[in-house]
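The annotation transmembrane segment is assigned in TrEMBL to 26-46, 140-157, 261-284, 304-321, 341-365, 385-403, 415-435, 481-502.
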Amino acid sequence: MTTKQSPKDKANIKSKSSASQLLSFLNYYITYPIALTLISYSFYLISFKYVDYQFIDEIFHIPQAQKYCNGDFHHWDSKITTPPGLYVLAYLYEKLLSFLPIDTVECDIPTLRSLNTIGGTIILPLCVTIPIARRYPTRLWISNVVLIPLITIYLNLFYTEVWSTIFILSSFTVSYLCPFGVKSSMLSSLLVFSSLWFRQTNIVWSAFNLVIGIDQKIRLENYTVEKFETKYQSLSKYLQFLKSWKVYSMIMEILVFMDTALGNILAIIPFLVNFVLFGVFLLYNQGITFGDKENHVSTIHFSQIYYCFLFMGFCGWPLILSRKSLAGYLQFSFGSMGKIIGTAMIYTMMAYTIKHFTVVHPFLLADNRHYTFYLWRKVIDSGTYSRYAMIPIYHFLMVLMLAQFAKGHRSTTNVVLVLGYMFCLFATIIPSPLFEPRYYILPYLYWRLLTDAGSVDDTLELFGWKFSGEQEILAKLGAEFIWNLVVNLAMLFVFINFEFSWDSEPEVIQRIIW
């Protein structure tokens, strides 16, 4: 028996369809070409006009890649901290280019950098953003991922960040969009294994990819807490005394997740193989880094969490800031005396971690080629209490960004997703003594790929303007695109025009990047 749709329902469906078509048009035919143009022009300016020399970490990566291109696979620079995946890829890239009608193919600076440019502007969209945008057309634009300020500069330099990101996020996309099973799990795990040849900490994010796959299985089967309670009645009765507490729903969500995981153990094995192999690597290597171990000693650096959300908020504010979100934050943090006391306790805990678990690496104080050098001196550590004055900003951004993340996942195991995300974020950045924004690329990209720009049923109030439904989505995606564009243009201007040199290297022109 079919139910007739009312004229209002038909109008809503038509409105949603029109909104999706408009967003798709802007995505593929307007904003993405603009992003490609900007990145291509940046590549020309950087590689052929202004920075035709090895820059910062390229002094390690480019000579090593050139050794591989020449067939010397035995030479290894002891200052390199990551596996040789980028150099193997450079070798294969050169061989591929040799089949093209080009007079001479060399592993020179522009050629090696172009590997990352192509990867970030073409391969990443094909493997990650386009499949997700097609499934969720109101979530993101391709350009808004390509132009994320944290990663854009690395599209035009020869660093490991781009291809490390491509492989681990391709694994995520398989887990997210494909039905969870042995075949999809094997493909996702193979992509994880490939990503580990570029950056070791990707093993942590592979655990989140597994969580995503299991969560999608739960969604597909519509496995609810109620169904779990029916299936395991004796266990549910045992936990009844907790039912009036909020912790009950959290426990039940975790149990639903565990039950689904145990029921699909064969699909989990490929991920477990990667974990075991990585454990063997740690034992053999006696640590996680390949070289330069004295400058990359693992530590407990809790302030990394606050720095991470600071940069994530800098990139993602168009998606989280509105009158409604501000009111929600004030209500959540200061809506009652109990909430005020709770917020004060959180502030106190944050102050304690800042005082006792802030690592000031010598590189942060000495290397003025990074924005963090100036951010630390001029803002975070500018005065006696300036580190603590940032606490309200850190707290504000953490609450809003996690709320937006959770909002897009009203699933049975929503708690597991948020906890899994936070665990991976903590595990990858807290051990690092270095304050480098490139460590926040994956935390932000995972957040962005799983965060909706809005809903056709919501209303956005921003700077006195009201946007409803598809207008809200368009406003947020448009604001995000314009913000990314402006920041990238500003960073390109600074990178090209602000030149200086060091007394120790007077012949080398230095510039500022993340």
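Placed from the backbone N, Cα and C atoms, the Cβ positions cover glycine too.
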Ranked first among 304-321, 341-365, 415-435 for CB pairs under 8 angstroms with the transmembrane segment (481-502):
304-321
Do any residues of this chain, six or more beyond the ends of the transmembrane segment (26-46), have a C-beta under 8 angstroms from a C-beta of it, and if so which?
113-114, 117, 120-121, 125, 133, 137, 141-144, 146-147, 152, 155-157, 474, 477-478, 481, 485, 488-489, 492, 495-496
Determine which residues of the chain contact the transmembrane segment (304-321) at the Cβ level, with the cut-off under 8 Å and only residues 6 or more beyond its ends counted.
148-150, 350, 354, 390-391, 393-394, 397-398, 400-401, 404, 425-426, 429-430, 432, 435, 437, 439-440, 443-444, 447-448, 451, 453, 462, 476, 479-480, 483-484
Which range wins on Cβ pairs under 8 Å with the transmembrane segment (415-435): 140-157, 341-365, 385-403?
341-365
Who are the chain neighbours of the transmembrane segment (341-365) in space, where the CB to CB distance is under 8 Å and they lie at least 6 residues beyond its ends?
295, 299-303, 306, 333-334, 372-373, 376, 381, 387-388, 391-392, 394-395, 433-435
Long-range Cβ neighbours of the transmembrane segment (140-157) (under 8 Å; 6 or more residues past either end):
23, 26-28, 31-32, 34-36, 38-39, 42-43, 46-47, 55, 58, 113, 116-117, 119-121, 124-125, 128-130, 132-133, 165, 311, 314-315, 437-438, 440-441, 444-445, 448-449, 453, 477, 480-481, 484-485, 487-488, 491, 495, 513-514
With a Cβ cut-off under 8 Å, give me the same-chain residues at least six positions beyond the ends of the transmembrane segment (385-403) that come close to it.
305-306, 309-310, 312-313, 316, 320-321, 325, 328-329, 332-333, 343, 346-347, 350-351, 354-355, 358, 379, 418, 422, 447
